[in-house]
């Protein structure tokens with residue numbers, strides 16, 4: 001038996017066991033691409049092997065119990081290392097994990113292994129998980145999004161254009177009745193959705209049950225008047241899973257179409273539970289990514305948002321915030337389009353120019369609609385329509401409620417701008433080049449749009465993104 005072979009105690013280099021450049025990856029392996037910045041004097045192979053070891057079966061010394069199992073079957077393997085272009089002493093280490101290391105249907109367990117203790121490892125100056133390849137053998141153990149893009153369109157009876165939303169502001173401090181009034185005005189004016197802000201849960205100035213009631217009243221009234229299906233993302237995020245489900249149950253009893261969750265602050269376990277409830281009860285699920293920038297904004301350490309996006313698609317959500325490219329929040333265009341495709345499409349080819357390290361095959365898992373939100377207004381509409389296409393939600397908070405004439409005219413301005421852009425695109429016009437002209441033409445017959453154009457004509461948020469794709473300098 002293995003255990004009787006004689007056990008050699010002591011510390012040995014990780015690379016002797018965990019660096020295997022000849023390894024051929026299996027179709028069932030979970031593959032990870034890490035950006036590794038070793039401490040001075042640590043060779044890249046040792047650093048890459050250390051990552052593979054610490055995120056799978058290894059520990060800092062040889063242990064007697066290694067003899068009781070088959071390390072070859074269970075260990076993570078660093079199978080390829082390449083230097084990062086334009087950076088000194090920085091490498092992409094590719095690690096393959098056998099599928100048996102992970103519990104089925106648990107994003108929580110997957111992340112505990114892959115991005116657990118290893119990120120505090122002393123031999124590395126910094127470590128960032130850039131991408132994951134999730135094999136169908138694993139993704140099939142997840143239910144994924146409660147409904148998906150096509151089911152959502154069918155439920156809402158809205159086709160051939162992006163959907164429009166609005167976050168109700170001021171996000172904290174309104175009473176439930178006034179909050180509901182703002183929802184009604186926006187929906188009545190032509191938006192498809194209004195939204196609870198991510199930090200609206202159940203505070204002293206507005207308890208959740210009151211808000212749910214007044215928002216439901218608002219959307220039914222707007223629905224009756226416009227003949228269109230309306231929704232309000234009721235934020236069910238709570239301090240405990242039980243309380244969260246209680247809120248979702250009440251939303252279902254009110255008959256509303258959609259609820260919302262903050263998936264990173266709420267946690268993947270809670271999120272997956274809520275997604276299962278939503279699927280079983282016909283509720284759409286809108287996901288906000290509050291806290292993501294803590295994890296994904298630094299280029300050299302943490303985890304890229306494309307990994308958080310893949311994890312959300314597995315855990316379950318029908319919408320997720322995904323940057324705007326043009327507004328006030330972080331997001332480089334090619335990189336953003338890369339993870340937008342990872343959210344929506346069935347099959348995404350490896351493409352390093354868009355930050356996609358692996359070909360990802362989701363097989364039949366439903367897609368997630370990306371939400372563009374944050375500092376956008378009517379002048380951005382042509383760019384947003386062109387960048388995100390029809391399967392998206394464009395959310396204008398200040399860009400609706402900041403209209404000089406009030407909320408309903410703000411909603412009218414956004415809807416007119418969107419319909420004008422969609423029509424122009426369908427007629428074959430170039431939105432990137434003629435965008436401003438299209439908006440100007442539409443504003444001639446829409447006084448609401450003209451007023452919006454006037455007030456935001458010079459607003460831009462021009463900063464270089466912190467997290468960029470690697471290119472030769």
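Using N, Cα and C of the backbone, Cβ positions are placed for all residues, glycine too.
Site annotation (Swiss-Prot, ligand substrate) includes 117, 167, 171, 289, 321; from 56, 373, 392, 443, the additional listed residue is 373.
Burial estimate for the binding-site residues (197, 198): highest at 198, by number of other CB atoms within 10 Å. Cβ packing within 10 Å was compared across the recorded positions 288, 289, and the lowest neighbour count falls to 289.
Secondary structure at residue 167 (substrate binding site), taken from DSSP and collapsed to helix, strand or coil, is strand. Note: the Mg(2+) site is recorded as 195, 197, 198; in the same chain, 167, 168, 171, 196, 199, 200, 233, 235, 260, 288 also have Cβ atoms within 8 Å of that site's Cβ centroid. The Cβ of 117 has fewer other Cβ atoms within 10 Å than any other of the binding-site residues 117, 167, 373. Look at residue 117 (substrate binding site): DSSP puts it in a helix.
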